[in-house]
Amino acid sequence: MRKSVVAIVGRPNVGKSTIFNRLVGERISIVEDIPGVTRDRIYANAEWLNHTFNIIDTGGIELGDEPLLVQMRQQAEIAIDEADVIVFLLNGKEGITSADDEVAKLLFKSNKPVVVGVNKMDNPQMHETIYEYYSLGFGQPFPISGTHGLGLGDLLDEVVGHFPNESEEEKDEDTIYFSLIGRPNVGKSSLVNALLNEDRVIVSEIEGTTRDAIDTKLHRDDQDFVIIDTAGMRKRGKVYESTEKYSVLRALRAIERSDVVLVLIDAETGIREQDKRIAGYAHDAGRAIVIVVNKWDTVDSNEKAMKEFEKNIRAHFQYLDYAPVVFLSAKTKKRMHTLVPAIKLASESHTKRIPTNVLNDVIMDAIAMNPTPTLKGKRLKVLYATQVAVQPPSFVVFVNDPELMHFSYERFLENKIRDAFGFVGTPIKLFARRRQ
């Protein structure tokens, strides 16, 4: 299911970040902060009235030719473009300014639902001025106070009322859906084109559930694939690539719809901090992952160099020790033949089910090899385990006391399950539960 997106927009100093933090911290329950961007507090994944959605905090929209103002305006325009609903925030202590009118013109052009929030209405007497905000032309304005958290419930009720129909995407169970993520200029579009040119069996370009997204069908090795949101890579181009904070949103949407995520790394420039953040999105979403080192033609690409590079990847991406690493060049097509088998293997692992009796044989053998830990004289007893979900494979281990399950022992059991059943390219989730 695609999450709706809410952008908070307005001129500088109307309290956008205060409202964002108030919504994130108190008035709505945060499901999780989207990983890797917590420093900037640009995005949050949130829930209100059983609707899960993304909130975006934008920079202030301000006229001017200074590079910083142009960049902030450009970023806000991208957020508006991605949003399903826009919260237009104003400063109730200052009334409607000419700068607010300029923002309103921009929002009218978007043809998106706009909900007006008049911030800094800290006492009821100020509410008498609320009617002047009808003149903006967006319907009922909502008096709110970011400082005191007043009026936000009514505002959010209105916001979620504008969300598009959250119907489940119909996916063909026999088709593998995959996306490509990576920092700018890592070669995402080149790799898509290499896959398509090599195959030359594009059935059709199909509309994705995400607005403006084009998905591309592909058939290879007796398997149907869908490459998710190729439009995001092939059409949006430099504006999205240059404003990384906001282009991340499209990657998050693609990840949500994927079975397998290809995390692209540039062999020429090596591993960067941004690579880790991007990979973290896919890992935290529980998707199958293949690490793809592109531009392998630009470096000393012998077997020894490959092993050294993979060793470096393992050191930087310790939480992705399950992900296979594929080395290739989209430009020269070198080693392209290794990619599709890796995607298929990761997808198979992601959907694999293990019979309960076979699983418990492995668990009991593992315990015999490495006895369960004790805490304050009390020993952990593992009674039995069962698989409860796929995508990713998830297991519940029933025990006498979950508090006795140390992280290191949980990781030991997880690794034994992974090794025994060949889970490659997928995270595994293990939960200790007290037997009722």
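From the backbone N, Cα and C atoms, a Cβ is placed for every residue, glycine too.
What Swiss-Prot says about this one:
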BINDING   10-17, 57-61, 119-122  GTP 1 binding site
BINDING   182-189, 229-233, 294-297  GTP 2 binding site
DOMAIN    4-167  domain 'EngA-type G 1'
DOMAIN    176-351  domain 'EngA-type G 2'
DOMAIN    352-436  domain 'KH-like'
For the domain 'KH-like' (352-436), the number of residues DSSP places in helix, strand and coil: 32 helix, 24 strand, 29 coil
Cα-to-Cα gap, W296 (GTP 2 binding site) vs I61 (GTP 1 binding site), nearest whole Å: 42
Rounded inter-Cα distance in Å - I61 (GTP 1 binding site), N185 (GTP 2 binding site): 28
In three-state DSSP terms, the structure that W296 (GTP 2 binding site) belongs to: helix
G182 (GTP 2 binding site), number of other Cβ atoms within 10 Å: 22
Candidates G10, N13, K16, T58, M121 (binding-site residues) - the one closest to N185 (GTP 2 binding site) by CA: T58
Averaged pLDDT, computed only over the residues in the domain 'KH-like' (352-436): 94
